[in-house]
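Q: Mind looking over this structure? Questions follow.
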Amino acid sequence: MAKPWLEELKFELYGLAIITLALLGMASLFTPAAGTVGHFLARGLTITAGSGRYLLPVVLFCFGIKVMRERKVNGITSRAWGLLILLISTLTFLHLFIPPDQFFRAAWQGQGGGLVGAAFSYLLHLCFGAAGSYILLAFLSTTGLVLLTGHSLTRLMGIIVQAVRSTLQRLGKRLSDFFFEEVEEADTCKQTSSPALPEKKDNLPLPQPNALTGETETQEQGTKNRRQQKERRKQNAREQDGAELMETEVAPCALADGRPYRLPSTGLLAKPKPRDNSILEREIAEKKQILEETLASFNIQARVTQVSVGPAITRYEIQPPAGIKVSRIMGLADDIALAMAAPGVRIEAPIPGKAAVGIEVPNREIATVQLRELLESREFTESPSRLTVVLGRDIAGAPVIADLGKMPHLLVAGATGSGKSVCINTLIASILFKATPDEVKFLMIDPKMVELTTYNGIPHLVSPVVTDAKKAAGVLRWAVKEMERRYELFARTGVRDIKRYNELFRTAGKNPATDAASTPDEAAAATTAQAEGPLPFVVIIIDELADLMMVAPADVEDSICRLAQMARAAGLHLVVATQRPSVDVITGLIKANIPSRISFAVSSQMDSRTILDMGGAEKLLGKGDMLFFPVGAPKPMRVQGAYLSDQEVENLTSFLREQAQPVYDQRVMEEPPVEEEEARMEDEDELLPQAVKILIENGNASISMLQRRLHIGYARAARLIDIMEQRGIVGKFEGSKPRAILMTMEQYQQMFGRTG
């Protein structure tokens, strides 16, 4: 048996020999100084192919390159048949211009298509005549072209039409730029908005095919897919129009207090890179065939009816025949992944709204979804909500845009490196591109101290980014108090939510409350709204919930649950992220009150169930691959998240810092009064009397002893010791020495009315 390296060397030598022969043939055709061998070689090529003799060395050269690269010789493939048919059709067509009685004489003289063209021309002319020969040659040429390219005829026509249209558009634009001068309008407010963005026309991503059909597709399905392709082209055109809108639309030129402000431009972000669809389409055709053959090997005669192409995955939709259980197909996920050499396969059965099973297979190359292209999309630019956020693109390549105001809170979870932090940055950036500091404020909590501190100093912040986990519980209590204050304000003004309140404020500013048509209640409400001012939305970002739950689990959980239950109408929205999706971090109460969730890649199915109440997240690819489960949706949708680099975040925050200085609310970081804090801490822990009794009986203030005797965790035991220290029951911490017990049980009972 030959060694592998000898086999590879053998095919390289074969390929090199074929290339050498092709070069000799080409040289013999162009120069007479090719020697005797060259003369006979040129004569043979001329007699064989006539005027098409230059094509044969080119085809031979390409074949040699293929042998050297693949290091094997396959059977005659469909592409090889297509090339052969196209070559013979060309030579035959060249020979049809010669009179029939001179076919072979002209071939020996090297005219027309040579002997090959003469032979086929003679047969066609004999069987079909002159007119029939041209018709049959047109059919054969089209067949060869379809086999060679691997595209259907309609797809080829679409590519040709699109290429001609693009060429004419570019030519028309250049002629227009040459003959006409653009007139710029001098609008003062627009002049101060942002520098004009570079031309985006040639930098937008190529149209993503969202449906590639096979031979088994019905006429109705083919019509549907062509309609979808037209919609996709229209979508790209709309995105280009949206990019132009982003260049001209600006925010109001001043904030409520008179400070100048303008919204950032998408020119701060990186341009999207075009995608090579030809390689992807060949990959799809191969995997489609492999999928059908794999299913057939398990006696499932299903056909792929539609293919949806996304940035990271491709979904193959199959319709199982009658009598085949869906669970049987779902059980073949590992076998399909093995056949396709894929890292993992996710099966969605059935696809919501379709009588089909979706098999999601990763692409060999994951296309990066830039945030800029989504911010310039029509869906984002036309959304009226200031809480519109960009997530990414779905499996069909369409933008996924959501409204945080309708979620109304979001839970984000995923393992380290799965794209969770990038997703948080895209959510924040989406709002910053849409809203002024008067409209949306941020309250950011970052116990890791490295993820959100970049945003320090932007005018949208309520307070500096909170990095101390111990202070985070107090910040969340401020959010609860702010929610309660807003509800009291709504009650006084007679409105139900923040939207109606801000409308009341704007109306009161245009029509004074002293108007005779106003009732006393309306006048009082308008006066109150004018006195209090407009209310901005507040988005609370918690980047790592696990750190907060370790320090003060009860306080954090209570505040999050209260905000999640009631804060929507008050304009407060939570975005909670964690990389530890365990039940002690994402508790049942938190899950019940935060219905919208995003899961990135996790390590186990148990973690996936903790986040989504179902499996699937453990099969994600990472690098932004997510499952988005909005409130009210029957199943999560798979999305490739938008990418925002650290440099782009820095560009955005630097621009915002130049616009205005932040105005912090000092109440956020204020410590509550000692008496209030003591009463709150005592009321919130019912184990305090029992813990005091244990310490006094043992004469030693030990956290570990409280853990053992009360069967509680370290955080709660330490908090009990802190309460006792503040109440004067135990002494202060003195290093290695144990804390002193400062009172007896009788004194405690007498002072606090406790009976242990």
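Placed from the backbone N, Cα and C atoms, the Cβ positions cover glycine too.
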Q: If TrEMBL is the reference, give me the range from 51-68, 537-554 marked as transmembrane segment.
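A: It is 51-68 that TrEMBL annotates as transmembrane segment.
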Q: Restricting to the domain 'FtsK' (397-609), report the mean pLDDT as a whole number.
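A: For the domain 'FtsK' (397-609), the model's average pLDDT rounds to 86.
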Q: Thinking of Cβ pairs under 8 Å, which stretch from 12-31, 51-68, 118-148 has the most of them with the transmembrane segment (80-98)?
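A: Stretch with the highest Cβ contact count: 118-148.
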Q: Near the Cβ of GLY417 (ATP binding site), how many other Cβ atoms are there if near means within 10 Å?
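A: Total other Cβ atoms inside 10 Å, all chains included: 12.
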Q: Sort out for me which one of THR416, SER418 has the most neighbouring CB atoms within 10 A, since those are the binding-site residues we care about.
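A: The residue with the most neighbouring Cβ atoms within 10 Å is SER418.
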Q: Specify the count of other C-beta atoms within 10 Å of the C-beta of ALA415 (ATP binding site).
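A: I get 20 for this one.
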Q: Have a look around GLY414 (ATP binding site) and count the other CB atoms within 10 A of its CB, chains all included.
A: 29
Q: When you average the Cβ positions of GLY414, ALA415, THR416, GLY417, SER418, GLY419, LYS420, SER421 for the ATP site, which other residues in that chain have a Cβ within 8 Å of that mean position?
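A: Checked against the 8 Å cutoff, the neighbours are GLN579, PHE600, ALA601, GLY622.
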Q: Fewest other C-beta atoms within 10 angstroms of its own C-beta: which of the binding-site residues LYS420, SER421 fits that?
A: SER421
